Structures are given as C-alpha cells and as structure tokens.
Amino acid sequence: MEVGNNKKSADGYLFGLWGLIMHSIVLWGVLDANFHSPILNNLPTVPPLNNPPAKRLFLFVADGLRYRTFAEETPPYLKNVMENIGIWGISHTRMPTESRPGNVAIAAGLYEDPSALFKGWKENPVNFDSVFNQSKFTWAWGSPDIIPMFVKGSRQNIHGESYPHHWQDFDKSTNSSRLLDSWVFNKYFTWLNSQTDNIKNQNGIIVFFHLLGCDTAGHASKPHSKEYKDNMRFVDKKIQEVVESTTKYFNDNSTAYIFTADHGMTDWGSHGSGSNDETETPMIAWGAGVNYYKNNRHDIEQADIAPLISSLLGISIPVNNEGVLPRLYLESGNDEYGAKALLNNINQLTIQVKANRILSSGRDDVTNSNWRERKLDIMINKIKNLLREKKFDEAIKEGDEAIYISKETLSHYRKYQRNQLVIFLTLMWLGWIILLILNLTGVKKQFHSDKKSSSHLTLLNIIFITAVILLLIEHKVSGRGDWRVMGYGTIAFTSLWLAARSAFTLSPVFRMKDNKSSTISIVGTVLIIMTMSAGLINRLFFSLSMIICCGMQIILMKNAPKFLIGSAIALSVYPTLPLVKPNPQTEIVLISLALAVFILWKQSRHLVIMELIKIFITCLIVTENIDGRNGLSWIILIISPICIFLYSTENIETRLKAVTVGLLCPLALLSASYEPQVYLLLGVHLISLVNAMKNNEHETLKHNEELLTPENLMTAAYFMLYILLSFFGTGNMASISSFDPMWTRHFITVFSPFTMSGLILLKLAIPLILVGCASRAFASSSMFMAVLLLGDCLSLPLMYNVTSEGSWLDIGTAISRYTITITFPCLFLILYHLSSPLMTFRFGALHAKAKTKHHLV
C-alpha cells in the first residue's frame, strides 16, 4: 500500500513538473514567435558618405516631455526655431514608453522587444550599435540610468558623465528637476571652454544632452503643473545659450541640432503604456544640412532619427537600424547627397534582410528568396544607374519605393517562422489541456487484452519517434540558422504523445451529485468565465461577473448572509468608476481606514488598541502631518504582518479579519484613492463567503474528493474572479506597464527603480494575498486543478491575439491579457502557499509549545 502511494506521489510530482514546463514554454514561445529580438550580430556597416553638410550634431533629449504640453505652451526660443529656421513635427514612439527603449530607438534606430523595460533598470554593457558608436567622438551628459548604457562596452570614442543616483528625487520641495538639467548644461559649457581645441575642425562629432528634468517634474507635479512648464522653459533658455555659445566658438555654420524626447507622459504623471500622450513627443531639427519648412508639421517615427543623424554627419548608419531617412528634414537643393543618403539607408536595410533570410529560412541563394527581395535587388541596381546618370530626382523617387519594399521584406523574414511556431505552440497546449482533463477526470480503462493495449502503445511510440526524426531531417535540409522550429516542434510532439498515451489508458468521468445544482454551477461557471474574458478587454464586464457571482451564491446557498450579498453588489460598482490615478485623494483613503474599525468588533481589547494605534499613525502619514520617509512608513510595513501573528488561528474567520485589517495600513500608504475601500469590501465578502459555505456544509469546503465536480469549477471561477477583481477593480491593462513614483511617496522619493517597483508590486499583491488566505478554507487538489483547467482554456484563444502589428496600445494590452491568463494558475498556487504563515502561525501558540516542553523537562 505504501509503495502504491509513493508511486502515486511521484507521478503527481512529475505531472506538476511537466505542467510547469508547459506553462513556461508556451508563455515564452508566444512572445518569442511575435517579438523576436531585432538585434543581429556581426553585420557589416554601410560606408560613410562623403562631403556631409554638418561636422557636428547636438542631440537634446528632454526625457518625459510630451508633445501636447509642448504644443500648448511652446517655449520662445524653440518656437522661433520652428517658425523661422528649422523643421518640426511629432516623433511617434512605441511601447514600452520607458527611457531605455526610447533612447535606444533614437540613437540606434531599432525598437527593442518589451523585455527592454527591465534592462533599463540596471547598468549593462551596450549590446547594439548606435550613432554614438559610429561617430568619430561623442560626448554625453545626463542620467546614470541612460549614459552608462551607451558608454560601457563601447569603443573608446564615447565619453560620458552622469550625476549621482540620489539626485533623482521626486519630492517637489527639492527642486531636483532644475538641478539635474543645470548640471548637464554646466558640464557642456565647461567642456566647450577646455576640451574642444583638438576637435574644432573634425567631422562626425556628436554632443548628447540627456535632460531628465521634465520627467522628474512630471512625476512629482504632473505635466500640466507650473513646475513641469517652468522646467520646459528652463531647458529652452539653456538650449538658446548652448546654440549661441557654440556658434560663437566654432563659427563655421557646420553644426546641426535636434531636439526631441524619449517618451511622453499621461495627465497623472505616469508612462509605460501606449496612449497618445505617452507616444507623441516633439521633434525639431535646425542648423547645418537641415531643411526649413515654415509652420508645416512633418511627423516621423522615433527610429527615423538615427538615419537622419547619420546622414547629416555622413557617418555609417547603425547596423540594426530599422528607421527610414526622413528626406524632408534634409536641406533642399542638394539632391545628389539626399539620393546617396537614401541609397545608404536602403543598403543598410538590405543587409539585415539577407541576414534575416539566412537565419529564418536557411536559404543563402538570393534566387530562392522571396519575390520582394529579388525586386529590391533590381531596384537598388536601378538607383545606382540613375545616380551615375545624374538623374537624382528619379533616383529619389525609386529610392522611396525601395525603402518601402525593404521594410516589408525585413518584416516578412522576421515573421517567417511565426505561423509554424504558433501551430506547434497550439498543438503543445492542446496536448497539455487533454492530459490535464484526463488527469482530473480519468478512470483507468479495463482492457480485454493486455497484448492489444501494449501493441497500441508501441504503435504510438513509433509514430512519435518517426515524427521527431522527420522534423530533424527537415531542419537539416532547410539549413535554418536557429533551432526554434525544431525545438518547439519536438516539445509539441512530446505533449501530444503524452496526451495520447493517457487517452489509451484513461476514460474521463465527471462526477455530478445533484443534477439541478450541478447544471446551475456549470452554467454559472461558463458565464463568469465569459464575462471575465471580456473584462480583460473592458473592465466594466467585471461588474457583470460580480453580479453573476452574487446570483449564483443566492441560488446555491440557503439563507445567503446579507454581508455576502451586500459586499458583492458593492464590489460590482467599482469597475464602473474612473481608474485610480496617482493624484492623492486623501479623504477617501482616510474613510477606508476609519471603516476598518468595524471589522475589529468583538476582538480582544489589546488587539483593538494595537490596530487603532497603527491606523492613527497611518492617518497622520497619509495627511502628511508626519513624514513617513524617515522610517515610520517602513516600520508600519514590517510590523503589520507581525501583528497578524498575535490573533487566534482556531477560527478561520477571525484570522481573515486579522489579515484584512493587518495589511490595510501598508496598502493605504501606497494608495491614492479608493483602493483600500475595494480591499476592505473584498475582505468582508471573503469572510462572509467562508462563513456561508461552512453553514451550508458546502461540499467544496475542505473535502478530499479527487474527481472533478461542477462545484469545484464554480468555486474555482469565484476565486479567479476575486483575483482579477483585486486588480481590475481599480486599474486596467495600461496600469500594468505604467510607472509613477507618486505611489511610493510615503516611503521613498529618490529614484530607485527596484525599491519603487517592489513597493508597487506589494501594493498589487496585498489584495491577492487576502484572496490566497481565504482560499485555504477551500483547499483541495480538485479545486486547484479546476483553476488550472479554467485558466488554461481561457488562455488558448488569447494566444492568437498576441501580435506585433496594430497600435502599440493594442499590442501591449494583448500581451498583458495573455500573460495574466497563462500565469493565473501558478499565481493562485503561489498565493495559497504564501498565505500559509498568515493563516496558521501564532506567537501565542509558539509560547505555549515552549512552555509545555519546559514543563515536560
């Protein structure tokens, strides 16, 4: 008997391990199929151009400056440039609208995949080419999060300095935004007066000003504030001084200037997602080699700035650039140079086309390439002939079409393997879902002949081995440069093979005790899952999900408690309210803290006093009568879970109340509006649910049945809804990628990405931990497996919505929806185990145990 149990336990661990592998591969695989890194190594560079119009270029990047605010109150000097001497427009950025991806797009001409967001949170060596690398010399000053990533790992031509990290303080009173930009401009004037004699007549010089002031002021005071606009005008004034000093010193009319921003900012001071305010930034160019269009707006893509810089200076275009030279920005009257610059851009893109063709399809011979590439080669030869014949206008016209073809061809080869990979990922996921269903509902088949069963399994093994061998042969014959298709294909066949083996030995059996309640449970589960799926697109549907949940609880429970129904109806209201934004509404947070007192009813006196003191101090910090950054906020954060351990563990309702009140204060310190109200209502609802199911002797409460039931699915759907409501009750998909340090204002204001991000994640996790604590009342293997099944089925159709095409807001939203659904079961399991000490550990029990041990001794 013990041997059998050990075997069953081992099989369970293997099944769990295989499930973890499947979730990891499918999550990564879908992103890999759609967002493969655009960076290829060891690509040759195109030769530099002769007789460039500019010897040096000054690049001003105003971090966090959005176009709307700039256009509404354009500062005087840059307004004069736009109207009288330069060309301007909107630079359209992409998600994630963060500093590293934005600056990489400007300097390298490439858009990194979404994971670049996390690379920006640490210093790392350069792993991409940039205009700075291709320049003769570059001097750069600015943020310690931006400058080092261009300097470290580069060749010795880039010289950069940055100010200390602790200068980046989002506290309004420090006025750090002005300090940061002043430091950058002062560094330039010092350099101009001491280190420029040896480069006065040299070509290919870049001076890079990374100006963080607008971003800092926007986070601290919002983009509509006086501080933000004052910083914008300060930058404008300093740019005028730079231009005047530079013109006076060099006096050769060979300096070009570009002013832009890496990303914009929302009205509430965050960035990261894809709204217009975040993706639209100003773009102004003037000086040597730059065209002049009075009051005519000429928009570009952010990556187009890199080939523009290269063309103005005559340096090589960065090898991984995917930007297109905006010809209208080049000075008119020099069509020969413009045509050659355009041809250089086409040649640089063509090099990437050929490299991606070899990598993705394995075909090295252009005669076997895509028709677009063959047409592109013909067009390049035609442009060269037109240049030799001095027909520059015709060469430019042909070049414009060739640029379009080259971009289309590059996109074709980058997506060449996508369909194959998605098919294999689908088969892989279907195999896993079938295996999961059979594991949940399967009963061992009784075969008339063991020999017949063995022959079926042998045939299945032969088919599996043959499929893998054929896939390997196809890979070798194709000559592809990577193993992605081979790897995903092998895993897909393995998944289907395991599912087929289980189908030979197991029959699905679905246990239904009461036909009426089971039918209602199934219908309710389907409705909740459908509305939750819609809620991932529009959070209003979570209100409908909560109303359906409330209806199911009324129907399936005898005498459902009033608090259960009332809290469910109240929770359904919040997804209809405006999104929580980091504009502090202190009075709403204070009301939430006051309401927590009612949950303490009937608790022991010393516990009530302890919680009241903690709530009172939190109120003082929230109202800013006390500065929590001095350590008080951190003390409350640390002691809050410790206080929970003083409550009794004998009654699960008492412990849930302790968790609800205990974690409220840290949440309030990280909140700006009604987030604590949602948390409190969710706590009341979960406490009432536990009580109601206990009173109704609900069969999902602490049962040990292994076969799946409709009630398991219903309970699983409840908890899936509670987890999603914990987040979507106050936010939406864009909130996931948006970053605003105002959330952490009571803990830290000096820019520290890891600390701030950790606190924001904690804020998101607190309601989830509460749900995890409540789930311990319904702990059973069947319920966990039901959550796994529902989450995995929900993620299958969302797999096809992930794409690299469309608006960047839509792309980011699709990625977020898919990631949430596929990680949902793992999140639920993690929450269950994380909540264990909060629900089971008690200091008094530890003391009693020690006392008993001492007595025995």
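Quick reminder: no glycine exception, Cβ is built from N, Cα and C everywhere.
Residues or ranges marked as transmembrane segment in TrEMBL: 12-31 (among others). Residues 113-114, 421-422, 425, 428-429, 432, 435-436, 439, 488, 491, 495, 498, 788, 795, 799, 802, 815, 818-819, 822-823, 825-826 of the same chain lie 6 or more positions beyond the ends of the transmembrane segment (12-31) yet place their CB under 8 Å from a CB of it.
Over the domain 'GPI ethanolamine phosphate transferase 1 C-terminal' (408-807), the average per-residue pLDDT in this prediction is 83. Annotation source TrEMBL lists domain 'GPI ethanolamine phosphate transferase 1 C-terminal' at 408-807.
The transmembrane segment annotation in TrEMBL covers 421-443 (among others). Listed as Cβ neighbours of the transmembrane segment (421-443) (distance under 8 Å, sequence separation of 6 or more from its ends, same chain) are residues 15, 18-19, 22, 25-26, 29-30, 32-33, 484-485, 488-489, 491-493, 495-499, 502-503, 506-510, 707-708, 782, 785-786, 788-789, 792-793, 795-796, 799-800.
As annotated by TrEMBL, transmembrane segment applies to 455-473 (among others).
Only residues 6 or more beyond the boundaries of the transmembrane segment (518-534), in the same chain, are considered here, and those with a CB under 8 A from a CB of the stretch are 512, 541-542, 544-545, 548-549, 551-552, 555-556, 709-711, 713-714, 716-718, 720-721, 724, 790, 793-794, 798. Under the heading transmembrane segment, TrEMBL lists 518-534 (among others).
The transmembrane segment annotation in TrEMBL covers 563-580 (among others).
Nonlocal intrachain contacts for the transmembrane segment (586-601), taken as residues 6+ away from its ends with a CB within less than 8 angstroms of a stretch CB, comprise 607-608, 611-612, 615, 618-619, 622-623, 657, 660-661, 664-665, 668, 671-674, 676-677, 679-680, 683-684. The transmembrane segment annotation in TrEMBL covers 586-601 (among others).
The transmembrane segment annotation in TrEMBL covers 608-626 (among others).
Long-range contacts of the transmembrane segment (632-649) within the same chain: residues 603, 607, 610-611, 614, 617-618, 621, 626, 655, 657-659, 662-663, 665-666, 669, 746-747, 837-845, each at least 6 residues beyond the stretch ends and with a Cβ under 8 Å from a Cβ of the stretch. The feature transmembrane segment is assigned by TrEMBL to 632-649 (among others).
What TrEMBL lists as transmembrane segment is 715-735 (among others).
Look at TrEMBL and you will find 747-771 (among others) tagged as transmembrane segment.
Within its own chain, the transmembrane segment (783-803) is flanked in space by residues 19, 26, 30-31, 34, 422, 425-426, 429-430, 432-433, 436-437, 439-440, 525, 529, 532-533, 536, 700, 708, 712-713, 715-717, 719-720, 775, 811, 814-815, 817-818, 821-822, 824-825, 828-829, 832, which lie at least six positions past its ends and keep a Cβ under 8 Å from the stretch. Per TrEMBL, transmembrane segment is recorded for 783-803 (among others).
Within its own chain, the transmembrane segment (815-834) is flanked in space by residues 20, 23, 26-27, 30-31, 114, 536-537, 719-720, 723-724, 733, 736-737, 768-769, 771-772, 775-776, 779, 784, 787-788, 791-792, 794-795, 798-799, 801-802, which lie at least six positions past its ends and keep a Cβ under 8 Å from the stretch. Per TrEMBL, the feature transmembrane segment maps to 815-834 (among others).
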